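All remarks here apply to the structure that follows.
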Amino acid sequence: MLAWLSDCFWQERLWFPEGLGWADLQDRDGRVYAKAADLWVTIPLALCFLVVRQVFERTVAVPLASLLGVREKVRVTATHNPTLESYFCEVTKHPTQSAVESLSKKAGVSVNQARRWFRRRRNQDRPSLLKKFREARYPSISIIFFQKPWFYDLTEVWKGFPTLTLLPSQYWYYMLELSFYVSLLFSVATDVKRKDFKEQIVHHVATIVLISFSWCVNYIRAGTLIMLVHDASDYLLESAKMFNYAGWRTTCNCMFILFAAVFFVTRLIIFPLRILYCTWVYPVTMYPPFFGYYFFNGLLLLLQCLHIFWALLILRMVIKFLPGNDVVADERSDKEETDESEEEEEGAKLENGSVQNGHPALYSGHCKTE
């Protein structure tokens, strides 16, 4: 059954133009081509990325955070209350007004105390500033192909397809990039969850499928250009986030402006007008359309929809640079809830080791989610 499904899925007429097939991608005369079996190496590489990430976060990110001045503030801990805790865990973290009033009677607290308890309990589940700083990391290393003719002349991308010889630099760029996204998918359960969590999952899955597919059918040149366009702005974003968590507002704002400019140029101009044009128009000038052509471009259109979604979020943050706005907040993050001066007073007491409501003062890192 599995063999039959595999044969159906990998039919040559689905993935290649008429008259071409897998036999054309057999190594010969010293020419090496991409093979699906090569992708298995990404699993151990992805695990290596996870190990390297853990080592980096503990040995580099934490000392770097201290050096840049990342400081945790005191986060007031919700007092132990079985009734409210049960409702929080089993029903909802955001009770309605009527539910708060009912719960306050069952828990033996006032309505205001119940509201405050839910605010503090929600804050406890939010990641600390240091955790977010540690997760602000640089993506896979990009290998630049400026010397290749198809980097400048996009008609060269499809010249000779599908018999395009695999370069060692292309092999490692693909393997490292794919391994990086696989590692992101592995770690998504423990990473900070932001408002675009679902979109991030869709992006990671689409990217993994797109990279794997382009490798298997030897769309290597087009895939390389697509990855380079996507990598161009990522470094700037990670840098802006790190400076933001460190409180370096001016540096953060400058980095974010640069990131936004590069993002808009690469994702909203170069990608649709150059890359998509290259993958939609040039192939049909050489071969009649086939299923793989539509499948590949369909995934690219899905990525472009995500680009537009994130561009809107970025635009909302750019608006904060207008007069009267001097802080750039991450629109994907949840905002920390506070009790204003009351929280600050209790936080000061906690820092001094005070005891509240008969319990030792327990605290964890408090941060503004930006």
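Cβ atoms here come from the backbone N, Cα and C positions, even for glycine.
Unlike curated entries, TrEMBL annotations are predicted automatically.
What TrEMBL says about this one:
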DNA_BIND  73-129  DNA-binding region
DOMAIN    71-128  domain 'Homeobox'
DOMAIN    131-323  domain 'TLC'
REGION    331-370  region 'Disordered'
TRANSMEM  171-189  transmembrane segment
TRANSMEM  201-220  transmembrane segment
TRANSMEM  251-271  transmembrane segment
TRANSMEM  291-315  transmembrane segment
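Taking Cβ pairs closer than 8 Å, the transmembrane segment (171-189) reaches residues 34, 38-39, 41-43, 45-50, 53, 139-143, 200-201, 204-205, 207-208, 211-212, 215, 220, 223-224, 227, 231 in its own chain, all 6 or more past its ends.
Note on the DNA-binding region (73-129): DSSP counts are 36 helix, 4 strand, 17 coil.
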